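Student: One structure coming up, written as structure tokens, with questions to follow.
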Amino acid sequence: MSMEDYDFLFKIVLIGNAGVGKTCLVRRFTQGLFPPGQGATIGVDFMIKTVEINGEKVKLQIWDTAGQERFRSITQSYYRSANALILTYDITCEESFRCLPEWLREIEQYASNKVITVLVGNKIDLAERREVSQQRAEEFSEAQDMYYLETSAKESDNVEKLFLDLACRLISEARQNTLVNNVSSPLPGEGKSISYLTCCNFN
Amino acid sequence: MADLESLEKLAGVSQPSEGVGGARCSEISTDLIRSLTELQELEAVYERLCGEEKVVERELDALLEQQNTIESKMVTLHRMGPNLQLIEGDAKQLAGMITFTCNLAENVSSKVRQLDLAKNRLYQAIQRADDILDLKFCMDGVQSALRNEDYEQAAAHIHRYLCLDKSVIELSRQGKEVANKAEENLLLVLGSDMSDRRAAVIFADTLTLLFEGIARIVETHQPIVETYYGPGRLYTLIKYLQIECDRQVEKVVDKFTKQRDYQQQFRLVQNNLRNSAPEKIEPRELDPILTEVTLMNARSELYLRFLRKRISSDFEVGDSMASEEVKQEHQKCLDKLLNNCLLSCTMQELIGYYITMEEYFMRETVNKAVALDTYEKGQLTSSMVDDVFYIVKKCIGRALSSSSIDCLCAMINLATRELEADFRGVLSNKLRMGFPATTLQDIQRGVTSAVNIMHSSLQQGKFDTKGIESTDEAKLSFLVTLNNVEVCSENISTLKKTLESDCTKLFSQGIGGEQAQAKFDSCLSDLAAVSNKFRDLLQEGLAELNSTAVKPQVQPWINTFLSVSHNIEEEEFNDYEANDPWVQQFILNLEQQMSEFKASLSPVIYDSLTSLLTSLVAVELEKVVLKSSFNRLGGLQFDKELRSLIAYLTTVTTWTIRDKFARLSQMATILNLERVTEILDYWGANSGPLTWRLTPAEVRQVLALRIDFRHEDIKRLRL
């Protein structure tokens, strides 16, 4: 597949405290790997994965950012062009959950108002060390109008689902936008039955 | 008693001379005696046996005589037994003692040997120390001699220096690491004196010296380490050197932060960006510090790259036979050392602050350029476009000079934001003020645009100091802005190309790892996409100009077509020939209006505008034609008029306008027909190269404009 051969291109940026497993989520999704002893990310990492959703090629540009404070000004510069943000915390680390409001303030300040934000609680393979209950996280995400998903990059739980559901949402959002912006000229391929609405299941 | 038996045997053996036949049996066997039958023979045997008996008896007597002595010997022997056991134990003890003594001697002698070695080394060390002292003495001597202008003395000292063992000089270099500390601290002190030339980058220079010092140590020690420890050990050496390096870097950066008020400046900038600052920082004041920080980072990157190259090539040699796992483990160690060292972390922190400050610098300077915008007569654009792009280029260029790809990408992202949101907003607001028209109906528009001006300047948080003093100036402002927008679009494309070529050099050095190029390309393509946004804005502005300035003017001119009768006789037709009733004046008006735009718009925009104008003329003219009525000569007149108009418009546009006027030309053809049925010569199979742009219904509609054509004939047509 050539570089330009895609129907949609979306930018997804992962943010959240250091050590919550952002890089592992990205590696698991893009390379099917779980690198143990992953060092801290420096600045930002960049991965591309093209997926097919209902016959449409969707190119996902995934920006994996460093969680450490000293890289904040670098990572913030990527918020504006992001179509989606994956805000990640570690279910075994109360602190990473408590920092979420701070991250939301950053999103408010720097991201586009059309951005889709998904809250992800990672490391559910360490259930015995859980510090943040699912209910608490769900209530929080509901109050903030975000989608919530629990994942394990190690066991590969919900990782595919996270990115594919997000891609589905981005597609339907993109379609809605073009419909609103220019009603008279439908997208090529718009005549197809609108099955993408049923392909996603957000919990 | 077994012992006795053996003793008897022993005695028998010991006296072979006495017992002549003692050891042997009698010569006469029992069988022989039994076989004897003769008396004589018996007697003879008997005699011999008696003789033998006597011998045996004698032997027995002798043996019995010995019994006493043997017994007494046995007793002595019995007494000797325990003594022998004692002797054996003593012997064993003695042997153990001898071994122990031997080992002890061995130990002692090896210790002595070690001591000897140590003593030798000590002597060497003392010798070296003496030599070094000599060296120092020589140096001091040379210096003082030179000071006293005692050149002979100085020469003597130099001679002595030259006599010194070369290895002393070599050795003293090993202490350089420590010496470096002094050297570098010295420079720090010197820094305060050097208030002029390199003062602005003194901390970057200090770091450079430190890195160069370490690089020199690595250079000189690498062969030694390789010779004595083998390849693959450089990592260990550098690991220890890096600890010292980190210590020194910490000192330098601490001093830098204090002396340059780095944290303080950052905090002020942060507050300024959040609009909560008590005092505003003058962006120009940040200029030197931003340059220094990027230079510091560039030096660190260079140094870290040097270490990475050296260590990995050393590992490569050392690991040539190693397993993949070992290689990966080594790679991990290397990454860990270079990524986690204090130097890396400190620089990342400094760069983090730098980006925020550079963003502020860019934003504030752009705002200033906008506020100080001036327009010079004869120019198409105003000063702010060049200024803004100069600033953006400078900021991105400075980020690039840090050699950090993440820093560069962040600045490209921020520049994209600045251009797309802020600066495009400024231009968009200016265009929204509209192009003031001069006709009566637009006095109202003038009022609304004045209100718009008020609104947009309030939204921007400041008043446009220049204001709009007259409609002429407002017109000019609009046109200049259009040019500005176009140049912005061009400049962004140029900026993208420049950055691309600037960075190929950086990437060819392998900076920033494998992803660097992909990251950079992605950020740059976002920047390039802003060019299209400016192009869209240009189109919006042109559409606005066309609909509010061109159309209201052109429409009345076209409408006068209606007041010219096209139902004319020969005489009028000839009269029209001499005194053109419409088209010449219309062309003149168009020319006048467009000349105003031609002078003040860039060729590209002017072209787009004339294109819009010709479309407008074609559409509007078609409308009035459909409202008119014609006879044969009137049709001919219209055909002449249309040809003149097309001929004129062809001269003012760079591309063909025939297409836009295709429908009108076809209408003119229809209006020129002799009879209704003549249309069939041009229609359907007879159309030849002509492609009809009119539908059959429209053809009938146009035919019906001819008052001399009968409706039934038109209806009867089969099209």
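Each Cβ is built from the backbone N, Cα and C atoms, and glycine gets one as well.
Keep in mind that what you see is a predicted model, and the values were worked out from it rather than measured.
For reference, Swiss-Prot lists these features for the protein:
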BINDING   A:Val20, A:Gly21, A:Lys22, A:Thr23, A:Cys24, A:Thr41, A:Gly67, A:Asn122, A:Lys123, A:Asp125, A:Ala153, A:Lys154  GTP binding site
BINDING   A:Thr23, A:Thr41, A:Asp64  Mg(2+) binding site
REGION    A:36-44  region 'Switch-I'
REGION    A:67-83  region 'Switch-II'
MOD_RES   A:Cys200  cysteine methyl ester
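Give me the structural setting of these features: burial, nearby parts and distances.
Tutor: Long-range Cβ contacts of A:Thr41 (Mg(2+) binding site) within its own chain (separation 6+, distance under 8 Å): A:Lys22, A:Thr23, A:Asp64, A:Thr65, A:Ala66, A:Gly67.
Long-range contacts of the region 'Switch-I' (A:36-44) within the same chain: residues 18-19, 22-24, 27, 63-68, 71, 74-75, 78, each at least 6 residues beyond the stretch ends and with a Cβ under 8 Å from a Cβ of the stretch.
Counting residues of the region 'Switch-II' (A:67-83) by DSSP class, helix then strand then coil, yields 8 helix, 0 strand, 9 coil.
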Student: What does DSSP say about A:Lys22 (GTP binding site): helix, strand or coil?
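Tutor: The residue in question, A:Lys22 (GTP binding site), is helix (DSSP, three-state).
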Student: List every residue in the same chain as A:Val20 (GTP binding site), at least 6 positions away in sequence, whose Cβ is under 8 Å from its Cβ.
Tutor: A:Gly67, A:Thr88, A:Tyr89, A:Asp90, A:Cys93, A:Ser96, A:Asn122, A:Lys123
Student: For the recorded Mg(2+) site, enumerate neighbouring residues of the same chain (Cβ within 8 Å of the Cβ centroid of A:Thr23, A:Thr41, A:Asp64, site residues themselves excluded), in sequence order.
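Tutor: Result: A:Leu14, A:Lys22, A:Val26, A:Gln38, A:Val44, A:Asp45, A:Thr65, A:Ala66.
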Student: Could you work out which of the binding-site residues (A:Lys22, A:Lys123) has its C-beta surrounded by the smallest number of other C-beta atoms within 10 A?
Tutor: A:Lys123
Student: CB neighbours of A:Cys24 (GTP binding site) within 10 A?
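Tutor: There are 23 of them.
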Student: Where does A:Ala153 (GTP binding site) sit in DSSP terms: helix, strand, or coil?
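Tutor: Its secondary structure by DSSP: coil.
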Student: Taking DSSP states H, G and I as helix and E and B as strand, how many residues of the region 'Switch-I' (A:36-44) are helix, strand and coil?
Tutor: 0 helix, 1 strand, 8 coil
Student: CB neighbours of A:Gly67 (GTP binding site) within 10 A?
Tutor: 24
Student: Among A:Val20, A:Gly21, A:Lys22, A:Thr23, A:Cys24, A:Thr41, A:Gly67, A:Asn122, A:Lys123, A:Asp125, A:Ala153, A:Lys154, the annotated GTP contacts, find the widest CA pair distance and round it to a whole Å.
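Tutor: Greatest Cα separation within the listed binding residues comes to 22 Å.
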Student: Is A:Asp64 (Mg(2+) binding site) helix, strand or coil when read with DSSP?
Tutor: strand
